[in-house]
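See below for the structure under consideration.
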């Protein structure tokens, strides 16, 4: 292991990695020496967003990882389907012999701020968001826990959101905030469960991150108004989040577990 490749010899899984923050996570781990398997319901979903497509350096993130010089596997799978997710993990371990790092990034919201206020949000929207964020995270964690418990080592990182800790002014996105808050609490339960096996479990909670998908949305919402609540005065980048993921995936965080780390420029506490 070298300073430049602290993850050499490690095997990582990143869900929701076709674009945006998840892609940044996968590429950062590969640049630090890990072999990376990616899971996404559509590995070409970046094509739906002009800024995402413009930044791609291959047909998929799998090609980008291989271009870095690391091994890569790609799975088109839905994390709400436990069976296909378990099969993917079994294939990773079967081909590469182990699984050291799991980044449970897949998720996302649906609905407008107005229609997702707590008193009126419809069950159909709640079901979709809970499945994508909470259920998908649980499926991923349970799948990767099997080989990690056998190895008696591993690093699991879940992805929450500032929405899980901070209520928007209009009370919108209640279903998403509640699901992400549940992800954070589940992380702490899992940390307690897997601690005796030498597995750490932590959660990152991004704030306003300027991805190729979100940048136009944030601008339309009003940069000045949004950034007024961010002490650092700027939107975050996927690389800002990837740096924290790198820390939680490396031996620098061996005595950190059950932590919920905001990556939001101070938004949560403003």
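Just so it is clear, glycine is given a Cβ too, placed from its N, Cα and C backbone atoms.
The active site, proton acceptor annotation in Swiss-Prot covers 176 and is backed by similarity to another entry. Per Swiss-Prot, the feature NAD(+) binding site maps to 19, 40, 78, 79, 105, 176, 180, 209, 211.
Features as recorded by Swiss-Prot, highlighted on the structure.
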| residue | record | DSSP class |
| --- | --- | --- |
| 19 | NAD(+) binding site | coil |
| 78 | NAD(+) binding site | coil |
| 105 | NAD(+) binding site | coil |
| 176 | active site, proton acceptor | helix |
| 211 | NAD(+) binding site | coil |
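The two recorded residues residue 78 (NAD(+) binding site) and residue 176 (active site, proton acceptor) have their Cα atoms spaced 18 Å from each other. Here the candidates are the binding-site residues 19, 105, 211. The one whose C-alpha lies nearest to that of residue 176 (active site, proton acceptor) is 105. Sequence-distant contacts of residue 180 (NAD(+) binding site), defined as residues of its own chain at least six apart whose C-beta falls under 8 angstroms from its C-beta, comprise 107, 133, 160, 161, 163, 164, 205. A simple way to gauge crowding: the CB of residue 105 (NAD(+) binding site) has 31 other CB atoms within 10 angstroms, across all the protein chains here.
When other Cβ atoms within 10 Å of the Cβ of residue 211 (NAD(+) binding site) are tallied across all protein chains shown, the result is 24.
For residue 19 (NAD(+) binding site), other Cβ atoms within 10 Å of its Cβ number 28. Over all protein chains present, the Cβ of residue 78 (NAD(+) binding site) has 18 other Cβ atoms lying within 10 Å.
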